[in-house]
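According to Swiss-Prot, the protein has these features:
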TRANSMEM  3-23  transmembrane segment
TRANSMEM  37-57  transmembrane segment
TRANSMEM  66-86  transmembrane segment
TRANSMEM  139-159  transmembrane segment
TRANSMEM  172-192  transmembrane segment
TRANSMEM  208-228  transmembrane segment
Amino acid sequence: MEIFVTGLLLGASLLLAIGPQNVLVIKQGIKREGITAVIIVCLLSDVVLFTLGTLGVGLISDTAPIILDILRWCGIAYLLWFAVMAARDALRARTEVTFVEHSEPVAAASASGGGVTTKQRPRLRITSGTRQVWVRPMLMAIVLTWLNPNAYLDAFVFIGGVGAQYGETGRWIFAAGAFAASLVWFPLVGYGAAALSRPLSSPRVWRWINIGVAVVLTGLAVKLILMG
């Protein structure tokens, strides 16, 4: 149980560092578009990555340690690029998020008498207008996960590397704990953002979110640089 909890805490600490994947989950939650598909992609990707990390950390470290250095520098470039994009969006100060809301009948007094007429609340614009609105967010989640060098660093260096010290059985318990953190985190963030979509869709709020993301990503990039 102690090994499981240790993996859970490490997984949570990695998730708390807001990266491009988490930003996508938040944005799609606010838009209420394809959030379930995005969450499923994130969870399935973590299963595969954590499994690969647990299986392959020793092999990579022993046979091709330069691969980890390449991943580290690619990760630095990736983080800094997204930090610049977030800072740019914050400076533009015009980020607006459109979310979906179903129209509801509203009773209103009729001007001609005591009757009641039915008005429709304005329907907020739906960005896609197709039933397959989840496809693009799902593809974005795949790209931001599998083309993110830091995902491999997390899997091989942190999950695989730290878990290896617990032995053959313990490392899988450790990886299960790390995945449990993902299992809680992504639905909580995605559906939580959907529940708070109205206040979070404000341009002022997103300006500060983008500033925070830029600062955090820059800090993570500096941390990776210092690891060398």
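The chain as shown is numbered from 1 upward.
Cβ coordinates are placed from backbone N, Cα and C, and glycine is handled just like the others.
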CB contact flag for the transmembrane segment (66-86) and the transmembrane segment (172-192), at least three pairs under 8 A: no
Using a Cβ cut-off of under 8 Å, list the residues of the same chain at least 6 residues beyond the transmembrane segment (3-23) that approach it. 42, 78-79, 82, 86, 141, 144-145, 148, 150-151, 154, 158-159, 162-163, 166, 170, 173-182, 185, 189, 212-213, 216-217, 220
